[in-house]
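Chemist: Pasting the relevant annotations from Swiss-Prot:
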TOPO_DOM  1-7  topological domain 'Cytoplasmic'
TRANSMEM  8-28  transmembrane segment
TOPO_DOM  29-441  topological domain 'Extracellular'
DOMAIN    109-435  domain 'Peptidase A1'
ACT_SITE  ASP127  active site
ACT_SITE  ASP324  active site
Amino acid sequence: MTNFCIKSYLFLYLSFLLFFDIITIFHVSSIRISTVLKNDKKKKNFNTSLVEENKKYLFNEIKLNNRFKNDIKGYIQNINNFHSIIESKIPNSLLYVHEDLINFHNSQFIGDIEIGNPPQSFKVVFDTGSSNFAIPSTKCVKGGCTLHNKFDAKKSRTFMSNLKNKKESIYTYVQYGTGKSILEHGYDDVYMKGLKINKQCIGLIIEESMHPFSDLPFDGIVGLGFSDPDNSFQTKYSKSLIETIKEQNLLQQNIFSFYVPKELEKSGAITFGRANSKYAIEGEKIEWFPVISMYFWEINLLGILLPDKNFEICSNKKCRAAVDTGSSLITGPSSLMQPLIENINLEKDCSNISSLPIISFVLKNVEGKTVILDFTPDDYILQENSEEDNSSQCVIGLMSLDIPPPRGPIFIFGNVFIRKYYTIFDNDHKLVGVVKSNHNF
């Protein structure tokens, strides 16, 4: 069970709602517009274009590489050898970067990056639920960005603007659940613990709402998802960080792994180029699941079971789940998630935790075999401890959340999921690997 003090959990819940709003789970539209963007009429037309773009979305399913179709066992052996990183040490010649992440109330995990020459430092969230790289610009003089570090393009010798002429540039308008921002785009070098990524496309925030951004404990977002397949600007000019890393052959293995701790005093971790056996229970098998959509790190979800209650969902319909390092909880469509939550009769004083059911997520692995991932009450119940009277309160780490089409409906496997299963994201083979997390170190 994950423990929080009373004030911590209250913040966890609120910050989750705020942070999920800033994840680009909703469509982001890029169009070329005049630089006089602040004109109300222009903004109205811009929003209309955003809605029209949404209508064009089609579910984009991808398949395993054809060369593996007739030799899936060989493929699995190949991929497991390829990821022998879990079972053995990486040779010194392998290039990888590791970063410990600041644990902010067990709800957000914050890392460091540098941009430009000379480098300018920023606190960011690494977010697999987004492909956008967004950092406040010095051009942003009001709203939520005023309290954060801001990138000064004029001070970087390596910055390149996408400005075509004095009157025209490409902007991105992002509408979130409770806020909005406007970004212009440029290119500069990015540094992560010694790894240099050349000419990465960066979204520079030039305007954003006060709420929720002013309250967030980080400066920006580094999206680790895929470029929007339906957005021609993104796929051609605005590649995500992991796509740029792969394109520039910076890592021998185009994978990254994410660890979420149980304890508040422990750091989270992200590693590019390998997984770390420190974070996996020794002897546990990695289960690999094929990515089924280029919108997210999205995998097939065959069902969710409560074995002791003869309860199941998703068995008669196609469900899908996005593994998202930027979300705190496990969420799903209200029509499916609410019956599940109602069947978990948790007492708020935590008195009946031992009698609560195991929740089982049924998935299909890369071999086409059924895999069941079990979550005990200790995994999905969040406990609040009061420092004043030594009492406890408990809440369920599951929540109903309706993501509108075309991105939804979809389940989100956030940090409650990743805390139980150390997660590996394979951008070479478009796979998600999970293995039981080791928290005893």
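Placement of Cβ uses the backbone N, Cα and C atoms for every residue, glycine included.
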Chemist: C-alpha of ASP127 (active site) to C-alpha of ASP324 (active site): distance in Å?
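Modeler: With the alpha carbons as reference points, the distance is 7 Å.
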Chemist: Given the active-site residues ASP127, ASP324, which one's Cβ is surrounded by the fewest other Cβ atoms within 10 Å?
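Modeler: Per-residue Cβ counts within 10 Å for the active-site residues ASP127, ASP324 bottom out at ASP127.
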Chemist: Taking only the residues in the topological domain 'Cytoplasmic' (1-7), give me the average pLDDT of this model.
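Modeler: That region's mean pLDDT is 48.
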